[in-house]
């Protein structure tokens, strides 16, 4: 007889190798055929809603690692919620207006100046839809389950119509106004920018100290002094109309040789060192408030520079006397307005100085720095010129420096509802908790929101102007424009004359001749995406406002979190979200930002083509995503190793359940042995820990718990112990069925627990699970813990055993290294445990050979009675010797019972019995 044929070895068709790059697309086709999204929604219908609202990625180019991290995190949450009692719809979105699409077309050779705005916008829309399609397929490849056939896209007519309504509601409440104010201006884009559209990069700038002679000292100064200002933007000096000082600061009149200078007293030493003053002497001090209304002379123009008081003046740098140009700075503008200064801005849309800057007209602002500095030197006003590298705002699209420039723009008044915004921030749950402080401070400190842009591709600002110049925004015009957009799309604004966009028969007192013109500016794209709570959450029947969660990168505190909050609070008085979760950025393995120049860009598509989507998803679950995260080939190799461990665990479980029918072979919990019940307790611990971790969005805890369970609890302990019984005993042996009962519970629970993270693998496992009836594991619920009587005592006892087992394994390893034994099954061990361990060992003595995987086990006295040569460990002394007897051909155990059964001379007594009872007819 071939005894190897009597062993019940694992048997399954579940493949050992994942081959995910090939298998996953096939699984996704299967999901598409069965309409998995609709199936899950149908299955969870009627449950409480959980809405995670998708922040729309920008529709331009392939998805990058930041996109992958974001979408996969969202997918974890949505999948978990749909398996824990919620209906969790997920509607993906795309942000489709804005400058990058205009630039992409220009780069492709589109001659926009040779076509109408409407024609150019049609090309923009076509391009945007192509990009949506491209990204949609890439997101689907990640295994993200979503309503891919019905996304929201910001260029769609229904969306634009709702955005117009949001604008109209804000205007109705008096929150929208037109005014001339300094705004972030990008000369390269020729447009205003919002705070969310700027990024800071290092820039080299001139750093100059300039003297402004006093013209009128107002009886506080003698008139022969000079104010010293410091600036890194010499090009703004032609626009200087004043000098700001702090009312509470003390200012010093400093005599240096024959000159007298005015600076803040506490900056005396710093300025003296910078300007290399020798023998400088403070001859007088005055309070800043006393200097108000003194007058200085502009260094190279024949005009006054008024000295004003400003709370914005600090002593962090400079001189305490601040160059003030109301057309080129927010603080300057506010102070200048208070003192009645004009808003002088001698720079045009392209960043070129105009004839209001005599002597420098026609120069690009940055190129004007040198001639202006030379002019200052010529007139004796330049005290110091150096160059510094400092953090400076840049256009996030063109990556070029931006300027502050006063222009006529449309604004949303944040001041009008700032209190409500701050209350909404306080009522929201923030993860991480510092998010609340971050957004609170942004809302507290931000100025009014400049919402107009001087571009073509976007949603028009729905304002008309009467003949007398009055802007017209009424319920009637807003509703009419919204209806037109819903029917024809926003291109209609550029295809029709103003009169054809107004309601029929519309009249206005400011237009006696019935003539009107329309606004040509478009809305900031942050107003587009920031209106999604109205256009998507409120409008779609399967969603609700407020959403339960917004989840985006940490850059969105100043972006989508902020713009959505602003429009929602303005329109509804409440935040559009109950909770906000943010994640960090994806860096390379060395913690560097990814960039083409370094050549360290990791592309999701490449990972999926080489390793598979589930490996990428497992990586997402492994990182502390609330901070910046790292990815590299080495990191992915480690993750792939963990994946292999999990997959092999599934394969082992399936292989050993091939002959198990849960409805017929399950053993009642009360009838299981202690070790089996202990394993159920460990499984319960895993279920609780993993579900709690999912609930708190701690996916790294899920990853580590599952990995540790597979490697430590299963592979290194229970499965190792179980093999002897599973393979050697007869199919229906009570101990074997007991172990299979536990393995079955583990298999079902583990498959469900990994489903949110590894959906492809979980759905690959599911059809092999005995008794699985559902078409997909996604249509099941998360596992519940099994009631195990006396679980606390059981856990305490067996956790203690596991520490003792570690001692025994160490002793066996030493014996192996010293060539006392070959493998552990060659060993005979005698234990001399501590007193408390002894009683525990006696209570489970019949299982100990299998638990230690040795051929012979003896219990000696206590640790104090152990032979002196016996190695002592924390809980026991261990004597390891070669087991006596011969090796059984079937089970490999060394036994003195080999050959006792004459019919089976090479088998031990146990194997001979099993063979006779199960295989001999």
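From the backbone N, Cα and C atoms, a Cβ is placed for every residue, glycine too.
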Can you identify, from 593-597, 598-602, 603-607, the stretch that Swiss-Prot calls motif ''KMSKS' region'?
593-597
Stretch carrying motif ''HIGH' region' according to Swiss-Prot (options 57-67, 68-78, 79-89):
57-67
Under 8 Å by Cβ from residue 911 (Zn(2+) binding site), counting only residues of that chain that are 6 or more apart:
3, 728, 888, 890, 891, 904
Cβ within 8 Å of the mean position of the Cβ atoms of 888, 891, 908, 911: remaining residues of the chain near Zn(2+):
728, 889, 890, 892, 893, 895, 898, 907, 909, 910, 912
In three-state DSSP terms, the structure that residue 911 (Zn(2+) binding site) belongs to:
helix
I'd like the number of other C-beta atoms within 10 A of the C-beta of residue 888 (Zn(2+) binding site), please.
24
For the binding-site residues 891, 908, which one has its C-beta crowded by the most other C-beta atoms within 10 angstroms?
908
Using Cα coordinates, what distance in whole Å links residue 596 (ATP binding site) and residue 552 (L-isoleucyl-5'-AMP binding site)?
24
Cβ distance under 8 Å to residue 552 (L-isoleucyl-5'-AMP binding site), same chain, sequence separation 6 or more: which residues?
55, 70, 559, 560, 561, 582, 583
With DSSP as the reference, give the number of residues of the motif ''HIGH' region' (57-67) in helix, strand and coil.
3 helix, 1 strand, 7 coil
Surrounding CB atoms that lie within 10 Å of the CB of residue 596 (ATP binding site), all protein chains:
7
Looking only at the motif ''KMSKS' region' (593-597), what are its DSSP counts of helix, strand and coil residues?
0 helix, 1 strand, 4 coil
